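Engineer: Encoded as structure tokens, here's the structure I'll be asking about.
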Amino acid sequence: MSFPWANEYKPTNPLMQWVDDRLPLPRFVYNAVGAGYPVPRNLNYMWNFGILAGFALVLQIVTGVVLAMHYAANAGVAFDSVEHIMRDVNWGWMLRYGHANGASMFFIVVYTHIFRGFFYSSYKAPREMIWLLGVVIFLLMMATAFMGYVLPWGQMSFWGAKVITGLFSAIPLVGTPLQQWLLGGFAPDNAALNRFFSLHFLLPFVILGVIILHVWALHIPGSSNPTGVEVKQESDTVPFHPYYTAKDGFGLGIFLMVYCALVFFAPNLLGHPDNYIPANPLSTPAHIVPEWYFWPFYAILRAFTSDFLFIPAKLMGVLAMFSAILVWFFLPWLDTSPVRSGHYRPLFRKFFYLLVVDVLVLGYCGGAPAAEPYVMISQIAAMYYFLHFLVILPVVSSIETPQPLPFSITEAVLGKDEHATLAPATPAVA
Amino acid sequence: MVRLFGPLVGLFFAVALLWSFGNGAYNAVTQPSPPTAEALFHKHPKEVAFSFDGAFGTFDKAQLQRGFKVYQEVCSNCHSLKQVAFRDLTQLGYNEAEVKAIAKNWGNKAQTFDPKTGDRGDRPNLPSDHFPPVYYAGQGNPPDLSLVAKSRHGGAQYIHSLLTGYTDQVGYKNGQGQELLKMFPDAKTPDGLYFNPYFANLNLAMPQPLTSDGQVTYSDGKAATVDQMALDVSAFLTWTAEPKLDKRKQTGWPVLGFLLAATVLAYLAKRNVWADKH
């Protein structure tokens with residue numbers, strides 16, 4: 001599963017030799033993230049975000065496991081147990097702020113990772129499986145983050161749970177019984193809180209499992225790169241270690257500085273004040289909003305304000321919100337241009353930047369009150385969102401004339417490649 | 001298949017959105033919704049500076065002690081502070097004997113229950129007790145104040161504005177010179193509620209708590225004007241909501257300093273490793 005010129009693991013330490021003979025785990029790591037994995041030499045900083053997302057997950061698991069030692073998943077005491085963590089547990093405030101802001105950082109890096117994939121068409125053959133698994137990871141992250149936000153049992157926890165589980169009630173016939181079955185009651189209460197806690201603890205490990213598949217699938221064709229031209233020869237690659245471990249180390253430093261600035265100096269910047277009010281089923285907040293990372297999809301949900309062809313507006317909104325993510329599964333087959341990188345696709349590039357602006361507008365509208373002009377703006381933006389993926393992308397793929405690609409990665413980096421006219425492409429050996 | 005059905009699905013959602021948009025636009029033109037009294041007359045908190053603002057700000061213990069006195073003599077008649085324990089007051093600079101005395105002399109006593117006899121009673125508070133609940137017989141339901149500074153937009157500034165923002169509703173005008181009761185005669189504050197433009201819906205059940213200068217006697221000689229008392233109690237309630245604020249910022253600077261140094265080294269290491277590859 002690598003290129004023929006990949007370094008081979010040759011342990012010199014007798015202990016490592018002994019281990020490698022019996023369980024080739026050191027060899028596995030060496031080939032996965034060590035000197036045994038040849039990586040295109042031209043990756044830019046957008047390729048740091050996969051490692052950062054993995055780091056963010058580990059951060060969430062470590063802080064989360066310790067928080068779970070002090071948290072009580074009972075509707076009567078959950079809110080107070082969080083305050084107990086904030087006040088009486090040694091460094092509890094740092095753990096909790098670290099976990100809450102860690103979730104935000106996780107989504108920031110994952111959104112960047114996804115949009116990197118959009119721009120460089122990282123989903124195209126032969127990397128479709130990596131992309132599909134990535135979308136699965138994103139869906140699992142959304143479920144995990146939603147259930148985690150319910151645990152402090154503040155006002156937004158309660159009403160967020162009520163709204164999101166209420167989405168299932170839009171399904172015809174089985175909707176309401178399904179919602180009650182999911183909640184274990186007619187409204188969010190102790191049963192819901194307990195199962196959300198259980199699932200919130202479980203799902204990160206499921207995510208970890210899918211990440212292992214994601215990285216495994218990545219190592220079959222190897223990493224893509226900013227030119228989109230496949231690796232052809234040894235001079236196109238460098239070993240992962242030390243080249244990309246060094247580069248990722250620097251990226252990690254920047255990530256940690258942003259993260260720590262949030263945790264220590266603006267820990268509540270991305271949260272909602274209402275979640276410091278204990279859950280109260282009798283008092284509905286003026287504006288129920290989810291966490292910021294759900295805002296674009298929340299805007300799509302709320303954009304459907306009229307029944308359409310006998311389909312109730314609520315059901316349309318729910319279908320659209322889920323479709324907005326599910327459409328990513330079909331990207332490898334919607335975008336049929338043979339050229340991967342947006343650098344060589346002038347028309348595609350314009351629409352890509354439009355999509356970035358569009359999603360930011362949707363995000364802004366999703367966080368705003370459900371009133372005009374935000375609803376009408378989000379209707380236009382949601383319209384573009386669906387047209388972009390399902391209509392514009394296939395059309396652009398077929399009418400666009402891409403710019404000429406470099407012969408190889410080596411040529412892209414050094415400006416010349418002496419093999420350019422001589423050597424045939426070296427196929428990757430699976 | 002995907003290329004056949006994809007555009008159809010996309011057009012389906014787009015047309016549905018266009019339909020919603022059209023209906024919304026039609027309604028906006030035919031039945032424009034008039035602005036509400038809240039939208040026109042609700043005021044954002046006044047800009048005031050606190051010692052704990054910004055990345056370097058810390059609590060002013062003298063101010064917290066004054067704010068605690070305001071809470072003790074005014075707010076605590078109706079509002080509880082259940083997340084805070086008497087022992088936490090040592091963080092305001094009180095010594096253990098003082099905290100013991102404050103707990104012992106606190107008006108509301110700790111509730112007791114004897115499981116052998118079933119007798120209920122009370123006893124003086126101990127430093128390890130949290131502030132006791134307040135049972136309020138009047139109108140409304142006074143919220144617990146432990147986290148109020150974090151659970152309202154604007155935090156301490158909002159509390160200060162609310163406490164000093166009570167005003168006469170008759171003749172009240174906003175910044176644009178519009179008069180509330182002329183535009184919205186129905187928005188007259190009902191009996192039992194009090195008008196305050198800093199409150200979300202302009203009327204709240206709490207009567208003006210800080211009414212006159214000198215209402216609380218400060219022991220540090222600071223003049224107890226209404227504005228000063230409001231500032232002090234806002235600072236105190238920021239402390240009750242975020243008692244670890246000082247510790248958090250103190251920890252943050254060395255952490256960021258270390259990370260900056262580590263990141264510079266990581267950058268130099270990266271340049272060194274890549275020197276022959278560019």
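For all residues, glycine too, the Cβ spot is worked out from N, Cα and C.
For reference, TrEMBL lists these features for the protein:
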type	residues	note
DOMAIN	A:15-227	domain 'Cytochrome b/b6 N-terminal region profile'
TRANSMEM	A:49-73	transmembrane segment
TRANSMEM	A:93-118	transmembrane segment
BINDING	A:His99, A:His200	heme b b562 binding site
BINDING	A:His113, A:His214	heme b b566 binding site
TRANSMEM	A:130-151	transmembrane segment
TRANSMEM	A:157-175	transmembrane segment
TRANSMEM	A:196-217	transmembrane segment
BINDING	A:His219	ubiquinone binding site
DOMAIN	A:230-407	domain 'Cytochrome b/b6 C-terminal region profile'
TRANSMEM	A:250-270	transmembrane segment
TRANSMEM	A:308-331	transmembrane segment
TRANSMEM	A:351-370	transmembrane segment
TRANSMEM	A:382-399	transmembrane segment
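If you look at the structure here, what lies around each of the features I listed?
Structural biologist: Looking at the domain 'Cytochrome b/b6 N-terminal region profile' (A:15-227) alone, the prediction's average pLDDT is 95.
Within the same chain, residues 81-82, 84-85, 89, 92, 95-96, 98-99, 102-103, 105-106, 109-110, 112-113, 116, 148, 151, 193-194, 196-198, 200-201, 204-205, 207-208, 211, 248, 251-252, 255 sit at least 6 positions outside the transmembrane segment (A:49-73) and bring their C-beta atoms closer than 8 Å to a C-beta of that stretch.
Secondary structure at A:His200 (heme b b562 binding site), as computed by DSSP, is helix. The local packing around A:His200 (heme b b562 binding site), expressed as other Cβ atoms within 10 Å of its Cβ over all shown chains, amounts to 21.
In sequence order, A:Ile130, A:Leu133, A:Gly134, A:Ile137 are the residues near A:His214 (heme b b566 binding site), counting only same-chain partners six or more apart with C-beta under 8 A.
The list of residues near the transmembrane segment (A:196-217) in space but at least 6 beyond its ends in sequence, with Cβ under 8 angstroms from a Cβ of it, reads 32, 54, 57, 60-61, 64, 68, 71, 73, 127, 129-130, 133-134, 136-137, 140-141, 143-144, 147-148, 150-151, 161.
Cβ neighbour count for A:His219 (ubiquinone binding site): 15 (other Cβ atoms within 10 Å of its Cβ, all protein chains included).
Remote same-chain partners of the transmembrane segment (A:250-270), defined as residues 6 or more beyond its termini with a Cβ less than 8 Å from a stretch Cβ, comprise 45, 48, 51-52, 55, 94, 97-98, 100-102, 104-105, 109, 291-292.
Counting same-chain residues at least six beyond the ends of the transmembrane segment (A:382-399), those with a Cβ under 8 angstroms from any Cβ of the stretch are 299-300, 303, 320, 323-324, 327-328, 330-331, 334-337, 345, 347-348, 351, 354-355, 358-359, 362.
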Engineer: Which sequence positions outside the transmembrane segment (A:308-331), separated from its termini by at least 6 residues, show Cβ-Cβ distances below 8 Å to it?
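Structural biologist: For the transmembrane segment (A:308-331), the far contacts come to 114, 123, 131-132, 135, 138-139, 142, 167, 170-172, 296-298, 300-302, 382, 385-386, 389-390, 393.
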Engineer: Need a quick answer: max count of Cβ pairs under 8 Å to the transmembrane segment (A:130-151), which of A:93-118, A:157-175, A:351-370 is it?
Structural biologist: A:93-118
Engineer: At the level of the C-alpha atoms, what whole-angstrom distance separates A:His113 (heme b b566 binding site) and A:His219 (ubiquinone binding site)?
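Structural biologist: About 17 Å separate the Cα atoms of these two residues.
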Engineer: Going by DSSP, give the three-state secondary structure for A:His219 (ubiquinone binding site).
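Structural biologist: It is helical.
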Engineer: I need the CA-to-CA distance for A:His99 (heme b b562 binding site) versus A:His219 (ubiquinone binding site), whole Å please.
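Structural biologist: Checking the Cα atoms of A:His99 (heme b b562 binding site) and A:His219 (ubiquinone binding site) gives a distance of 30 Å.
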Engineer: With every protein chain in view, what's the tally of Cβ atoms within 10 Å of the Cβ of A:His99 (heme b b562 binding site), excluding that atom itself?
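Structural biologist: There are 20 of them.
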Engineer: In which DSSP state, out of helix, strand and coil, do we find A:His113 (heme b b566 binding site)?
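Structural biologist: Once the DSSP labels are grouped into three classes, A:His113 (heme b b566 binding site) ends up as helix.
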